[in-house]
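Chemist: Quick paste of what TrEMBL says about this protein:
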DOMAIN    11-468  domain 'Major facilitator superfamily (MFS) profile'
TRANSMEM  56-73  transmembrane segment
TRANSMEM  85-105  transmembrane segment
TRANSMEM  111-128  transmembrane segment
TRANSMEM  140-161  transmembrane segment
TRANSMEM  167-185  transmembrane segment
TRANSMEM  284-306  transmembrane segment
TRANSMEM  318-337  transmembrane segment
TRANSMEM  349-371  transmembrane segment
TRANSMEM  377-401  transmembrane segment
TRANSMEM  413-434  transmembrane segment
TRANSMEM  446-464  transmembrane segment
Amino acid sequence: MKKGVLIQIGVSFLVGLANFSMGYTDVWPSYAIPIFKSVNSPLSGVFTRNQESLIGSIPMLGSLLGTIMSGKIADSIGRKRGEIFFGCINTLACTLICTATSFYLLLGSRLLLGFGNGLNAGIFSIFAGEYSSVSIRGTVIALAAFGYSAGVLVSYIMGWLFSYQVVNYFVLTINVTFTISMCFMKETPIYLLKVGKEKEALNSLKFYRGTKITTQEVIDEFADIKSLVETPKQQEMKIFSDIDNNNEDPEKEKLRHATDEAYVKPSNRSAWKALLSSKSSLRALFTISLLICLAVCMGMVTILTYAGTLFSKAVPNLSPDLCAIALAVANITGSGLPIVMSDWVGRRILMITSSVLVSCCLVTLGVLIRWPLAPDWMIPVVVLMYCFCYQLGSGSVPYMLNSECYVPEVKSLCIVLSMSVMFISNFIMLAAYTATVDLLGLDGTFFLYAAVAAASAVVSYLIVPETSGITTEAIQEKFARGFLQYRVLVKE
């Protein structure tokens, strides 16, 4: 199945282009805002401080709306077509940004861009979790998510070296390339089974496993996927069908065929009803949503979005552009490690270690800003260490868990809910950043972020299970055993 591994990695690179666009556009304000304040601004009128905050935060509102709709879109038109729809939305938004001369047109374009990014955030998590093999699932998801950090780095470099117009047309090209390329991908086996297309689902599984023949390994995995897609009622119907299969008269045979037809039809049970009736899914949703909220509140989104302004305040003697690029390099380096380590070390250990290291970095950063105990260059060095440690686990593990912990019946709904938590948290963090710095100072703000990171380490130890190398069914069993996962680990 080496060919299958290469195919999955290739698809992850393609999906990574969507995340590349997200990272690229998220940090775009850090170098675009100084342009809007200059005499060379492409916008008419004076660019105010309130407009500065809106440009950075408004995409998060669009992202929230996009995330809420992503589950419905993914279940209605499919994961593949959902990603194509995202590509079309972002292509339109980037086209409008390229031509915008009015602040309100630019603001509307950023809102639309956020909507597209929200769609991708929800659909990408579903898509990547459904085409990947259990043995390399963490690697595949981390590789696709790696595109975000790559987008951040390239965006900073482009903003430093090229004109405003070139920067915008570059990301427009990325979105067009992604949209066209996605047309040649196959839908995921799980979605095809959910809509009753069993033959197409088997062909899709063979494509993602790199084989043209139906091997025993493919048959076994296909059976496992079918058992996940089945609802309890469908499984009960299948059991009765198997019992009545022997020595049946014509009337019973007719009844069995009717039962079989009912069995292969997609379930109409409400995802909300399925979620509320499953303790394991509710526990998984709470755990992952809490991890995502804590990860966002560690402050990475504010540092990336306002990198130029932050470095100008903290270390005015150093070039803010150079510091921002160095930050992105640390970010992308940290993002690369989970690709290798997530399936080797495990998600839980990565999350705990990352949270502890992030807390230490943030405390050090606050101390250096409040008391000049070291040269100015130590501040950006600690910021780089913070970014590296954050991406090692806090910036990646919650989203891996989000892709692998839910059964198909509730997966779209749970991912929508957890990603909505992320975008609400992002919006609050960005909108409140200026006021927080004014109230607590830059040092106090970092101390606050450090406390959140410490809380994340404790939460990860108490309630996060180890999911590396096990099936979704086994993960659900861990959540079903109890809420405090450290007790489950001791028993194991």
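Don't overthink the numbers, they just go from 1 along the chain as shown.
Yeah, the Cβs are placed from backbone N, Cα and C, and that goes for glycine too.
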Chemist: Which stretch from 167-185, 349-371, 377-401, 413-434, 446-464 shares the most C-beta pairs under 8 Å with the transmembrane segment (56-73)?
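Modeler: Comparing 167-185, 349-371, 377-401, 413-434, 446-464: 413-434 has the most Cβ pairs near the transmembrane segment (56-73).
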Chemist: Flag the pair the transmembrane segment (85-105) / the transmembrane segment (167-185) as in contact if three or more Cβ pairs fall under 8 Å (sequence separation 6 or more).
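Modeler: When sequence-distant Cβ pairs are counted, the transmembrane segment (167-185) touches the transmembrane segment (85-105), since at least 3 lie under 8 Å.
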Chemist: Does the transmembrane segment (284-306) make contact with the transmembrane segment (111-128) through 3 or more Cβ pairs under 8 Å, each pair 6 or more apart in sequence?
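Modeler: Answer no: the transmembrane segment (284-306) and the transmembrane segment (111-128) share fewer than 3 Cβ pairs below 8 Å.
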Chemist: Taking a Cβ cut-off under 8 Å, which residues six or more beyond the ends of the transmembrane segment (413-434) line up next to it in the same chain?
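Modeler: Cβ under 8 Å, 6 or more out: 53, 56-57, 60-61, 63-64, 67-68, 70-71, 118, 121-122, 125-126, 271-272, 275, 281, 284-285, 288-289, 292-293, 296-297, 299, 301-302, 305-306, 402-403, 406, 445.
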Chemist: Under 8 Å between C-beta atoms and at least six residues away from its ends: which parts of the chain pack against the transmembrane segment (111-128)?
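Modeler: For the transmembrane segment (111-128), the far contacts come to 12, 15, 18-19, 21-22, 25-26, 58-71, 73-74, 79-80, 82-83, 85-86, 89-90, 92-94, 96-97, 140-141, 144, 188, 399, 402-403, 411-412, 415-416, 419, 422-423.
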